[in-house]
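Database features, via TrEMBL:
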- B:12-34: transmembrane segment (TRANSMEM)
- B:62-280: domain 'ABC transmembrane type-1' (DOMAIN)
- B:66-88: transmembrane segment (TRANSMEM)
- B:100-123: transmembrane segment (TRANSMEM)
- B:129-148: transmembrane segment (TRANSMEM)
- B:181-202: transmembrane segment (TRANSMEM)
- B:260-280: transmembrane segment (TRANSMEM)
Amino acid sequence: MFVNNDVKNAMAMEERHVIKLSDPDHPVILSTEDLHVYYGKKEALFEGDLEFASNQITALIGPSGSGKSTYLRSLNRMNDRIATVTGKIMYRGVDINQPSIDVYEMRRRVGMVFQRPNPFAKSIYDNIAFALRLRGVTGKHKLDEIVETSLKQAALWDQVKDDLNKSALALSGGQAQRLCIARAIAIKPDILLLDEPASALDPVSTGQLEDTLLSLKEHYTIIIVTHNMQQAARISEYTAFFNQGRVLEYDTTSHIFTNPSVQVTSDYVSGNFG
Amino acid sequence: MNSKTQNKIAIGGLYGIAGLVVLILLALLGYILVSGVPQLSWHFLTAPGKAFLKGGGVGIQLYNSFYLLILAMLISFPIALGAAIYLYEYAKDNWVTTTIRTAIEILSSLPSVVVGLFGFLFFVVKLHLGFSILSGAFALTFFNLPLLTRSIEDSLRTISDVQREGGLALGLSRWETVTRVILPAAVPSILTGVILSAGRVFGEAAALIYTAGQSAPALDFTDWNPFNISSPLNPMRPAETLAVHIWKINSEGIMPDAKAISSGSSAVLVIAILLFNFAARYLGKRLYKRLTSA
Ligand SMILES: Nc1ncnc2c1ncn2[C@@H]1O[C@H](COP(=O)(O)OP(=O)(O)O)[C@@H](O)[C@H]1O
Ligand SMILES: [Mg+2]
């Protein structure tokens, strides 16, 4: 029987498509179960159940207002005083969305980089070192070493190694954002959350930032929100598509971009809306 | 009339008003300085006053002004800082904070003479502190606290929330974020606020007339034991300040050169307050530069 290709596609289209991970080389390090987020009475995230593979980059995409930031900020409890978050966030077998969790300790394992670069009004060196000092890392030698490795991992060392005592506020946008990454990885987290980290950067800085992220995944699990679909396609292994507060589709990045299972995803990645 | 001419007339009017304000200000400043500066001399600035004779100075009043200012700042700054941090960094918006804010608002618009009378009844009479530096410093604290709290709160507000999130995301507690990230960044603007309020406190008279008193007993500048009555450090002695002095000699001065002393004192006061203002700008800018560039 002859069936039009479009019709066949439409018949095959699902409402929602979320895979479970099963890659023994990259076991699940973080997952959410039945996550709901409310701003006051308004529900902004209806269901988020995703798994994140260790030492891989996962991209969260979707139209603006679809709940990507809401979801990401829940992962290290940055929404604590802003929203009500229900459901489980399992990190290495522990539900970190319980009141008894020491959030400060947890955030040292699950670091975050924000959309707007936010270097502190301190020297470049102190931007990285001061949080370490607060946690009892002392000794100039040891601090020097951590500052250097962090800046190198963030691909900023060569540009600032002679200006470590200068104010971080004088850095360009791209440099400032990489300093924020260096600052986040200096405290040796497991997971790095990034919320549109390149949206304030020019294309060259964006490219450098992407290279940095690709080299970082050897040591860190990276979850990145991006509105830039090419970026998601370039750097991530897995992609989750958010729409109106729901995860509509989660699969490998190649699946999402070449052969999505959900019609809305297909429309979005082909630029038909959003 | 088309909108272009309308615009021109409006701009012209605004320029005119602004010019008038500047002119009045310059005339006032000019008058005070022209009539006051010729009276100034080292002797005038350091010598004690004379009640009936010519040639007295304002040394004690000048010293008292600074001593009171420092005491008042030492008391009010920590309280204002704490209150501002609580209000801006910790408190949620509910009826408690609304009440506190309203109280601050009302306190900051109280006429200073009312603050002075309250200080008289409460500190001088009720607490038996008498006309003293301490009573004056407490009254000035009441006078200064609301505005200083608001100015520090405004300084904290200028620090963007992304800085707070940056601190929290590194696993700092809220207290660590405030003290290690927010306050250092806010120092230039807090300092500007403190110096500006110091200028206001320095020139305040009404709140002090019935609290720090209207007499300036002789001081022995070699005696720094705060328990001795003639020691400059003694906080329990009455202490007329420069601003009170100006009010006093204009209303009941009987020395033959009262007019000259009043002019000279006014000039000193105005110059000191101008210096406070310039220092505030200069230091604020410099500190900000040091934070933001090499
Ligand atoms: N602090 C907040 N208070 C109230 N509503 C919010 C807040 N932050 C986000 N929202 C709402 O939650 C929804 C999801 O927003 P967000 O997570 O920022 O989307 P995205 O990051 O995908 O653009 C939007 O409707 C937004 O208006
Ligand atoms: Mg967002």
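Every residue number used here counts from 1 along the chain in the order it is shown.
Heads up, the Cβ atoms here are built off N, Cα and C, so glycines get one too.
TrEMBL labels come from automatic prediction, so no person has curated them.
Taking every listed stretch (B:66-88, B:181-202, B:260-280) in turn, the largest tally of C-beta pairs under 8 A with the transmembrane segment (B:129-148) is reached by B:66-88. Within the same chain, the transmembrane segment (B:181-202) stays apart from the transmembrane segment (B:100-123): fewer than three Cβ pairs sit under 8 Å, each pair at least 6 residues apart. Nonlocal intrachain contacts for the transmembrane segment (B:100-123), taken as residues 6+ away from its ends with a CB within less than 8 angstroms of a stretch CB, comprise 83, 87, 91, 129, 134-136, 138-139, 142-143, 145-147, 149-150, 204, 206-211.
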